[in-house]
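A.B. asks: Annotations for this protein, taken from TrEMBL, read as follows:
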type: SIGNAL; residues: 1-23; note: signal peptide
type: BINDING; residues: C79, H205, H209, H215, M223; note: Zn(2+) 2 binding site
type: DOMAIN; residues: 92-251; note: domain 'Peptidase metallopeptidase'
type: BINDING; residues: D111, E188; note: Ca(2+) 1 binding site
type: BINDING; residues: D145, G179, D181; note: Ca(2+) 2 binding site
type: BINDING; residues: H155, D157, H170, H183; note: Zn(2+) 1 binding site
type: BINDING; residues: D162, G163, D185, E188; note: Ca(2+) 3 binding site
type: ACT_SITE; residues: E206; note: active site
type: REPEAT; residues: 266-309; note: repeat 'Hemopexin'
type: BINDING; residues: D270, D314; note: Ca(2+) 4 binding site
type: REPEAT; residues: 310-356; note: repeat 'Hemopexin'
type: BINDING; residues: A316, A364; note: Ca(2+) 5 binding site
type: MOD_RES; residues: Y345; note: phosphotyrosine
Amino acid sequence: RLVNMRMENLSFLLLLCAALSYAFPADTRQKKEDDGESFIWKNNSPMTPKIKEMQEFFGLEVTGKLDSGTLDLVQKRRCGFPDVAGFSTFAGQPKWEKQVLTYRILNYTPDLRPADVNAAIKKALSVWSSVTPLKFIKKDRGDADIMISFAARGHNDFIPFDGPGGSIAHAYAPGKDFGGDAHFDEDETWTKSTEGTNLFYVAAHEFGHSLGLFHSKDPNALMYPVYRKFDPSVFPLHQDDINGIQYLYDPPESKDPALPNTCGPDLTFDAVTTFRGEIMFFKDKHFWRKHPAVRTADFNLISSFWPRLPPGVDAAYEIPEKDETVIFKGNEFWVVRGDTILPGYPQKVYTLGFSKDVTKIDAAFYNGIEGKTYYFIADKFWSSGNQSEPHHLYQKRFCMVRWSIPPFFHLPTDSFIKLLINAMYCKELSAVHGYYFLFSVQSLLLRFALQDIHF
């Protein structure tokens, strides 16, 4: 089911929650039914047809009354998204108009270790990325498409939680502001097992809403609104869920991009740069991301991360203090922050101070100690000024060509690393420059050699 709800319709949800969750004392079943019927009598006009819709949705006897079966249902742990809503409340079916989405965990429940929360959220998102072209990137700061938080009772979004049990989480359909955000009730006991409330299972359901899915009538579907226990070791996504999400975003690509032969002796990389604490290797239309704490490297299409970036980049470097990465292709360059290309790009390389006949940057390197950038073209390099003179370039020529690679390093390297090794032996570089290059290259090579990277 693919449907969404306007904020104006929240009043009905709040009214229904108040009626079903708070108005009934926990004395006897008859007392609950009597109070429920009294409430319906006082508010007969709008409530009866909505209760009938809910009863029909869950396969109950359609009476329009708060009978015992209906009361049993509404007291179960469930998603806070409404079970019945008019398809006319939103024009069309909102979805994200991009394939790479970001998420950020704003705070953590004390019920689980942060690492367990991170793992549950990542696994929940992978449920959907495994059957669509969507990819999810975690952010640690700034805004994100899907903002994730834990809160109790009222939490500034007009849909307060109701304490333990009842509504355990809710999420918003794709859009601006709250759009895509997922909130989890801190009054629940969140677990990574079948006891309590399993965070992975609930998060996977809520992220279905974040992507544009409504509730399913199929009791075996993930998007069924009532929480049930499950076996996390054999969790399959139901075909009803797959049909729904692929209706919005299509199936994944028919096959993974062909992996370059990383064991081939002739493999070289187009560019290498640091990237938010990781190292990124570019090759044709692909790139690898390697985190120092992880042995393997992630393999991706450039277009899946930056859809407007061309394949076969020439050079790249990061400015960590600005959280910016500069990527070159031909006589143009782009500045990116995370998975976003900043406005106003691409620009021509001559805007950096080069002459207009420069058609390609072979390699580039940012020296954070000096705040300077070094650009390499053939057998020459240019160093930029500091922040006060960013477009003032100083040209120097390499005094010798030296392409040797230290014997302990067995991985193929790109021209950037070779140029840096060459720069170590150039007498025209100052002692400070030479030491910095030597330290950087040796650290990089030793790190890879000792960690035995697997691409």
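Cβ coordinates come from backbone N, Cα and C, glycine included.
Keep in mind it's a predicted model, so treat the numbers as computed, not measured.
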A.B. asks: Near E188 (Ca(2+) 1 binding site), how many other Cβ atoms are within 10 Å of its Cβ?
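C.D. replies: By my count, 25.
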A.B. asks: Do any of G163, H205, E206 (recorded positions) have a CA within 10 A of E188 (Ca(2+) 1 binding site), and if so which?
C.D. replies: G163
A.B. asks: What count of other C-beta atoms do you get within 10 angstroms of the C-beta of G163 (Ca(2+) 3 binding site), across all chains shown?
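C.D. replies: Around G163 (Ca(2+) 3 binding site), other Cβ atoms within 10 Å: 14.
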A.B. asks: Let me know how many other Cβ atoms fall within 10 Å of the Cβ of G179 (Ca(2+) 2 binding site).
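C.D. replies: Total other Cβ atoms inside 10 Å, all chains included: 17.
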A.B. asks: What does the structure give for the C-alpha distance between D111 (Ca(2+) 1 binding site) and H155 (Zn(2+) 1 binding site)? Integer Å is fine.
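C.D. replies: If we compare the Cα positions of D111 (Ca(2+) 1 binding site) and H155 (Zn(2+) 1 binding site), the gap is 19 Å.
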A.B. asks: Looking only at the repeat 'Hemopexin' (266-309), what are its DSSP counts of helix, strand and coil residues?
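C.D. replies: Split into helix, strand and coil, the repeat 'Hemopexin' (266-309) gives 4 helix, 21 strand, 19 coil.
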A.B. asks: Out of H170, D181, H183, D185, give those binding-site residues positioned within 10 angstroms of E206 (active site), comparing C-alpha atoms, in sequence order.
C.D. replies: H170, D181, H183
A.B. asks: Sorry to bug you, but what's the C-alpha spacing from A364 (Ca(2+) 5 binding site) to D181 (Ca(2+) 2 binding site), rounded to the closest Å?
C.D. replies: 38
A.B. asks: D314 (Ca(2+) 4 binding site) to A364 (Ca(2+) 5 binding site): how many Å between their Cα atoms?
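C.D. replies: One finds 9 Å between the Cα atoms of these residues.
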A.B. asks: Considering only the binding-site residues H155, D157, M223, A316, which residue has the minimal Cα-Cα separation from D145 (Ca(2+) 2 binding site)?
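C.D. replies: Given the candidates H155, D157, M223, A316, the nearest one is D157.
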A.B. asks: So what pLDDT does the repeat 'Hemopexin' (266-309) average out to?
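C.D. replies: The predicted confidence over the repeat 'Hemopexin' (266-309), as a mean pLDDT, is 83.
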A.B. asks: Given M223 (Zn(2+) 2 binding site) and A316 (Ca(2+) 5 binding site), what distance in Å do their CA atoms have, once rounded to a whole number?
C.D. replies: 43
A.B. asks: If you count Cβ atoms within 10 Å of the Cβ of D162 (Ca(2+) 3 binding site), leaving out that atom itself, what do you get?
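C.D. replies: Looking across every protein chain shown, the total is 19.
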